[in-house]
Each structure stands twice: as structure tokens, then as C-alpha cells.
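Here is what Swiss-Prot records for this protein:
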{"type": "TRANSIT", "residues": "1-40", "note": "transit peptide"}
{"type": "REGION", "residues": "23-42", "note": "region 'Disordered'"}
{"type": "REGION", "residues": "41-482", "note": "region 'Catalytic'"}
{"type": "MOD_RES", "residues": "Lys51", "note": "N6-acetyllysine"}
{"type": "MOD_RES", "residues": "Lys195", "note": "N6-succinyllysine"}
{"type": "BINDING", "residues": "214-223, 249-251, 464-466, Gln562", "note": "FAD binding site"}
{"type": "MOD_RES", "residues": "Lys276", "note": "N6-acetyllysine"}
{"type": "MOD_RES", "residues": "Lys278", "note": "N6-succinyllysine"}
{"type": "MOD_RES", "residues": "Lys298", "note": "N6-acetyllysine"}
{"type": "MOD_RES", "residues": "Lys331", "note": "N6-succinyllysine"}
{"type": "MOD_RES", "residues": "Lys372", "note": "N6-succinyllysine"}
{"type": "BINDING", "residues": "Phe461, Glu462, Gly463", "note": "substrate binding site"}
{"type": "MOD_RES", "residues": "Lys482", "note": "N6-succinyllysine"}
{"type": "MOD_RES", "residues": "Lys482", "note": "N6-acetyllysine"}
{"type": "REGION", "residues": "483-516", "note": "region 'Membrane-anchoring'"}
{"type": "MOD_RES", "residues": "Ser522", "note": "phosphoserine"}
{"type": "MOD_RES", "residues": "Lys556", "note": "N6-acetyllysine"}
{"type": "MOD_RES", "residues": "Lys639", "note": "N6-succinyllysine"}
Amino acid sequence: MQAARMAASLGRQLLRLGGGSSRLTALLGQPRPGPARRPYAGGAAQLALDKSDSHPSDALTRKKPAKAESKSFAVGMFKGQLTTDQVFPYPSVLNEEQTQFLKELVEPVSRFFEEVNDPAKNDALEMVEETTWQGLKELGAFGLQVPSELGGVGLCNTQYARLVEIVGMHDLGVGITLGAHQSIGFKGILLFGTKAQKEKYLPKLASGETVAAFCLTEPSSGSDAASIRTSAVPSPCGKYYTLNGSKLWISNGGLADIFTVFAKTPVTDPATGAVKEKITAFVVERGFGGITHGPPEKKMGIKASNTAEVFFDGVRVPSENVLGEVGSGFKVAMHILNNGRFGMAAALAGTMRGIIAKAVDHATNRTQFGEKIHNFGLIQEKLARMVMLQYVTESMAYMVSANMDQGATDFQIEAAISKIFGSEAAWKVTDECIQIMGGMGFMKEPGVERVLRDLRIFRIFEGTNDILRLFVALQGCMDKGKELSGLGSALKNPFGNAGLLLGEAGKQLRRRAGLGSGLSLSGLVHPELSRSGELAVRALEQFATVVEAKLIKHKKGIVNEQFLLQRLADGAIDLYAMVVVLSRASRSLSEGHPTAQHEKMLCDTWCIEAAARIREGMAALQSDPWQQELYRNFKSISKALVERGGVVTSNPLGF
């Protein structure tokens, strides 16, 4: 019973996590489309200006219109729908001036990381070297998405992704320092801040004069963010809150001057008068007093970044430093994290690009058995798989960033997928690079072992991949569940809902019979990719059939079916990856890019294997008795390990 209650609680939090409910759909609004006011104004930067005169609660409290049909491909695929608005054609969002401005930034940033920054030295020092730190300030790297009017560079999400990719290619430790500062550290001020908060904090944060940190995780609160214990008690006069508690593993924790802190506060329900504890976000200055930090943590990787525990002891926080609405901190935190995940995928695409270059260089120059090793099939397959993973990750990153720049508000599943896929792909690519390089890859000098150490954390922070898989599956199933509920209601009045019933029921029956639902990507994918397009449609139908069957079987109880949800998420990730590369490769073929035929091969190869994985995975889920036995075995084996305190079986020798 306890496990069931825990699972149900986790499920409710996961469904809140991404904004699938109407409460979160309009939470903070993504950048609104419209003419650019500056050649490099857009995305979060322009949004910060657009909302400067608004009360921070506007996005949380304004009257929400009836929810429109989602344009998210990921939401649609759970329903067996081809929702292509956000994926075809592959989006191109930068105007000529924005493109030119970005090009002018790429060259100096690349040169800086090639000639000035020393990732090995940063790793050895376990800090960002002072020369690099000052150089980053001069480049404006601490305020890439802060509007120029507030001292930043004013980049949109797509421009930001391109520069983050360069950082990820060279030094993930520096990348974490910068990302913890602006991707999550002060992102809440950028998105939720009042005009006064923005004007007070953003200029110094953008220049690097002050550093920001995001304080959510606690010793007893990791993936379960709602269980935080840090408290903020309002004063009787209402002018300030007294903050007490601690936050664990905070990136920039020992460096930061400004903290985005999440704490429990008493909130009175206006309807009932009952007082409940809810999470509230605060902007907290180290200068308020009562803030200390522990020593830098000794870590496996990203050693150049500062990670420390932060303590708050009787910190007086002015009431005007509430970020967003009192009691809306969980939404603020989740929106900040959702908003920044595309940047992680972009950075890791850059990491893979650099690692693949090292692997190719070694394979091209290393001779064994009288042959360059790049001529051997085993090496060829490794290199091909490595570059496919990079291509998919990069395609996802720029797809999501472009969707955000175009004003999409429903991208949470796609952003989560990009984080899951990118972090796992980068690990695989780097591991294979070491394998190709052999003993040399294991040595410190080439720097690949450092990258592998740095990469391990990416599957853990900003939402563990395990939790995000549950989120992807549950969020998608929630939307499909609403549709099934609608069909159930329609059946009570069949004559008044004949069109709906005939359309949806017909598609469902055709899918179940294996006849196909008439969906097609014809006219969207390039003719040379038509076979791969057909594979994607077939995979979508297979996936949607299983989603529907499992929802009908488990109903709301599906939140407890983590074995199933994980496998549905894997299918969703593969399916989204197929569509993204189909879109990107189609654009390259249509525009006659020099690499178009190479991209076609990457796309076709990916789709062939992904379709096979989806087909096999969904077939296994449909073999219900076998799957249930498998799940029971997992539970029993795990229970035995827990009861024994480790491995149950004895050594084969008996002692």
C-alpha cells in the first residue's frame, strides 16, 4: 500500500512537472512571435522586456482561454495523431540580421575556447582559471539571453543553443558554471521577475559581476522536489520572510551572490481559510546575511565547476523578493527546468562533435594488421553509430529551441526527450571513442577520459533520466486518457457525436486490425526519404495502439506501472527522433545542401533501426502474460536483494 501511495504521489508530481495541465499551459508563456525589435532580440530576452511592466503573477493568474488542441508532435503521437505543425518543415527562425549577428559571435567564442581556455588545467585546479573567467566576462558569456537594455547580449533560444554547443565542445566544466548561472540560476528573474527585480539584478548578473545559483535540491529532497523542508516564514508586519534551511549539491553554491531559493511558506486558501504549506520562490542575496556554504564538493567530473552545500540561517528576505506568486514555487521551478533542457542537448551535441573528431583522427592514423583501422568493419560501425547519435541530438536541440522561439508553449515532452537522448548519446559516443583509441583513450593526455567523467552527471541533474522517462510517458498518456474519456462520454450520446465516433473509432479499429489509419507523411518528407517516412508512420501506429490498450487496461492506475511507462517512454523517444531527423534531412535535400546525401544516409539508417526497436518493443508489451511475468521477476529479485542487503547467491565455490 505504501508503495502504491508513493507511486501515486510521484505520478501527480510528474503530471504537474511539465505543464500538461491547464494550470501550467499558460504558466509563463514562451516568447511570442512578432517582428524583432533588435536584430538579436528574441526568445527569453525579448520576453523579459515584454513583461517588464507586468506584475509577476500575470502569467499565473490571468484568465486562461479554453485550451486549444496541442500542436506538440509528442503529445499527438500518444494519440496516434501526426501533429506536424512544429516539426515540418524543419524550422528556420533566425532572420538575416540575427543570423549575421550570430556568425559574428561564433568565431571569437570558438577562438577563445581553442586558444585561451584550458580544460585540462581547469579540471586539475578544480576551478575555472582566472584568465578564462575574465575572458568569459569580456565575451558577455554570463548574460547571453539577458536583453541588451539590461546589459546582456539578448540572444534568442536558437542563437543561445549555437553558442552553448561551442562551449560543450570544449569544456563541460565551464559549461556547467555558465549554465548554472544563466540557464537556471537567474532564469526565474528573466521569466518571472518584476520590472524592479530585473533592473536591480540582471545588469550585474549579465556582466558576471555577480554570479547566480539555483537552490532546489536538499538532503531529503532530490527527485521529489515537493518534499523540501527549507522554510520561509512571513513576518507579522508582512515586510519580510525569515528563511531557514539548507540546499545540497548547488552548482556555483560557493561562488554565488544571488540565489533562486525554493522554500515552503504558509498559504491561506481564500475559499476555506485553511492554511497549507506551499512552495514559494525567492530571490535571495548573499548580502542579506545568514548565508554560508560548505567546502567545494569532491566530484567524479565537472571539477572546474563549483558545487557546494548552502545554508540559510535566519535570512531576512524582503517580501518584494518573492519570485512569481506566493505558493507557486513548484511551477516556477519546473518551468525554469523545462525552459533550459534544450540547452543541455545543444551542449552535448557539441561535446559529441569534438569527441567524434578525436575518434576519426585516431582511426585515420592508427595502423594495425597492415591497415588503417578505419578500414575495419567494426570501427566503421562504431563511427557510423556515433555520428548518428550526434545528428539526432543536434536535430532535437535546434528543433526544440526553434519551437520555443516561434512561441510554442507545449514543448515539455520534446524538451525532456532531448535531455534524455542527448545525455545518453554523449556517454555512448565518448565511451566508444575510448574503445576506438584503445589504451590511448584511457590515458589522461588526450582528454577523453575527462569528458567521460564530466558527462556522467548529465543523466542525473535537472531531472534524472529515470524520472524524465516517467514524465514523458505519463504526460503523453494523460492527454490520450482525456481523449479516451471524451470518447466514453460521446458513446452516451452516439447520435449527437456521430462524427467524432466514426472518425476516432474508425482509426482505432484500423490500427488494432493492423490495417493502418490512413496517416501519411507524404508531401512533408522529401521523396528520397519516403520509405523512412512510411516506417515512422507505421511505428507511430504501433506505438499508439499499445498506449491505448494499456490505458484501457490500467486506467488511472497506469501511474503505478513504472516498468510499462519506461518502455513506452523508450518508444516515444525513438519515434520523436525518427521524425526530427526526417524533417532535418528533408530540408537539406530540398535545399540542396552539400551534405544532403550524407544526411539522407544518417536518417535512413536511424529510421530502419529505430522502427525495428519500436516494433519489437511494442510487440513485447502486447505479449501481456510474458511481460507481467518479467515485471514480477524484477520485483521479486529486487526484494530479495534488499532483504539480503546485497547479492543473494553465494560464490560458486560455496565459500
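Cβ coordinates are placed from backbone N, Cα and C, and glycine is handled just like the others.
Everything Swiss-Prot records as a feature, shown here on the structure.
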residue: Thr217; record: FAD binding site; Cβ within 10 Å: 18
residue: Ser251; record: FAD binding site; Cβ within 10 Å: 25
residue: Lys276; record: N6-acetyllysine; Cβ within 10 Å: 12
residue: Lys278; record: N6-succinyllysine; Cβ within 10 Å: 17
residue: Lys298; record: N6-acetyllysine; Cβ within 10 Å: 8
residue: Lys372; record: N6-succinyllysine; Cβ within 10 Å: 13
residue: Glu462; record: substrate binding site; Cβ within 10 Å: 23
residue: Gly463; record: substrate binding site; Cβ within 10 Å: 24
residue: Asp466; record: FAD binding site; Cβ within 10 Å: 15
residue: Ser522; record: phosphoserine; Cβ within 10 Å: 11
Modified residues: Lys195, Lys331 - member with fewest neighbouring CB atoms within 10 Å:
Lys195
Can you tell me which of the modified residues Lys298, Lys482, Ser522 is spatially closest to Gly463 (substrate binding site)? Compare CA atoms only.
Lys298
Same chain, 6+ residues apart, C-beta under 8 Å of the C-beta of Lys556 (N6-acetyllysine), given in sequence order:
Gly481
Can you tell which of the binding-site residues Phe214, Thr217, Ser251 lies nearest to Lys298 (N6-acetyllysine) in space, using Cα positions?
Ser251
Within a 10 Å radius around the Cβ, which one of these binding-site residues has the most neighbouring Cβ atoms: Phe214, Phe461?
Phe214
If I take the alpha carbons of Glu462 (substrate binding site) and Lys372 (N6-succinyllysine), what is the distance between them in whole Å?
42
Other than Phe461, Glu462, Gly463 themselves, what residues in this chain have Cβ atoms within 8 Å of the centroid of the substrate site's Cβ atoms?
Leu337, Arg341, Met344, Lys419, Ile460, Thr464
Going by DSSP, is Lys331 (N6-succinyllysine) part of a helix, a strand, or coil?
helix
Could you measure between Asp466 (FAD binding site) and Lys372 (N6-succinyllysine) for me? Cα positions, answer in whole angstrom.
40
For the region 'Membrane-anchoring' (483-516), would you mind checking the mean pLDDT of the predicted model?
55
Which secondary structure state does DSSP assign to Lys482 (N6-succinyllysine), in the simple three-class scheme?
helix
